[in-house]
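Quick look at what TrEMBL lists:
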- 47-176: domain 'Enolase N-terminal' (DOMAIN)
- 184-474: domain 'Enolase C-terminal TIM barrel' (DOMAIN)
- ASP252: active site, proton donor (ACT_SITE)
- ASP287, GLU336, ASP361: Mg(2+) binding site (BINDING)
- LYS386: active site, proton acceptor (ACT_SITE)
Amino acid sequence: MSVQEYLDKHALSRKIEDAVNAAVRAKTSDPVLFIANHMKKAVSSVITKVKARQILDSRGIPTVEVDLHTNKGVFRASVPSGDSSGTYEAIELRDGDKGMYLGNSVAKAVKNINEKISEALIGMDPKLQAQIDHAMIDLDKTEKKNELGANAVLAVSIAACKAGAAEKEVPLYKHLSDLSGRANLTLPVPAFTVLSGGNHASNNFAIQEIMILPIGASRFEEAVQWGSETYHHLKAVITEKNGNLGCNVGDDGGFAPDISSLKEGLELVKEAINRTGYSDKIKIAIDVAATNFCIGTKYDLDIQSPNKSGQNFKSADDMIDMYKELCAEYPIVSIEDPFDKEDWEHTKYFSSLGICQVVGDDLLMSNSTRVARAIQESSCNALLLKVNQIGTVTEAIEVVKLARDAQWGVVTSHRCGETEDSFISDLSVGLSTGVIKAGAPCRGERTMKYNQLLRIEEELGEQAVYAGEDWRPRVI
């Protein structure tokens, strides 16, 4: 092809002439830069390359990172992982070679991106999120993304979403809002992890975490301040009662002292809140993660204490009585996974009491089929959204819509193995989920989610709306 033929094919002569005329009209001091930028805008962006690599998450375990290239730039995304994969969630592909990262290497997922996904997506418009995601779903051909790996698919999906926002020249949260069809942008209430136990800490506390929600704050910035102050007051309380060793932290950054009971943990948190002076404005949430200490039909609250195990078994009815008592005594507004992941009956009954929000995590696994069943049976009234349990941005938006249509609450959640990617911050604003659970106000992979939300609030200025007291639909 000759130079003239190339110019004619792409209409470059006309585009260059338009760019020069625009530079003249603008009387720019740097016409070369102006013309270059004008030409970039004149050409629609397409995906030109997708390159993946293996990096480490916050636990030192490998995960997937992707650089997605367009003719407008390079867009990076990385995916988190949990401490285990549920039966109903998308499959995280790992190599299984014990000689490499103890079997946790993700080289196969990386190879799938570099050799299969990249080839399938080159030339696609990054603005068309659903088309990109469905192209990968079709390429995989399995229900739970077993072939390519949900970690591979999600990393590319998030990177494409960032590229789509850049192509539209809008913030990522605005692009996500457009994709979801939601007009309102809302800053979520942060659910700060302050005490850790269960699978997320090496202590005697069977409950996975106790969180605080600054719902009485007027702005997200104020909520972060209250969360940080409470966290440091709690450190002082624990030091006074348990010594410095009690201030070691779990995977999510929450303090991990040896606690004999849920009530003892709640007393520590209550004292810390009282010291802040915001007692009536900070509420408490609990992630029980009851599946982790369910044995048959009983719950072993001493499972983390081998010398005591077997002495503190509770039936599901006993657990309900315990929750009712604690909710009456402490400002608990939300309980996550109060029963085993297959105990639909007791979860439904507890939800029907209207004592607090009941969040499905292991019960639902962000799986649309499980969510639809829970809605039909009124089994719980809130979704814990973990995007890596689904595998694409499009499917995450769809499951949130399902929950919203049922007037459920939605909690955007991190994972115990996190990365330095703050995507879920923009996701929580774009989908107006009401609450974000990103760990303690401590550790870089956690605080960067909160810091990104601070930036978003600043960027929105007077248009910024903090969920606050409206952190969930008023259905209870």
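Using the three backbone atoms N, Cα and C, a Cβ is placed for every residue, glycine included.
TrEMBL annotations: computationally assigned, not manually curated.
All features noted in TrEMBL, drawn onto the structure.
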residue : record                       : contacts (Cβ under 8 Å, 6+ apart)
ASP252  : active site, proton donor    : THR193, SER196, HIS200, GLU209, HIS414, CYS416, GLY439, ALA440, ARG443, ARG446
ASP287  : Mg(2+) binding site          : ILE207, GLN208, GLU209, ILE210, MET211, GLU336, ASP337, VAL359, ASP361
LYS386  : active site, proton acceptor : GLY82, GLU89, ASP361, MET365, SER366, SER413, ARG415
| request: Could you tally the C-beta atoms, other than its own, that fall within 10 angstroms of the C-beta of GLU336 (Mg(2+) binding site)? | output: 27
| Helix, strand and coil counts within the domain 'Enolase N-terminal' (47-176) (DSSP) | 54 helix, 26 strand, 50 coil
| note | Within 10 angstroms of the C-beta of ASP361 (Mg(2+) binding site), the count of other C-beta atoms across all shown chains comes to 27
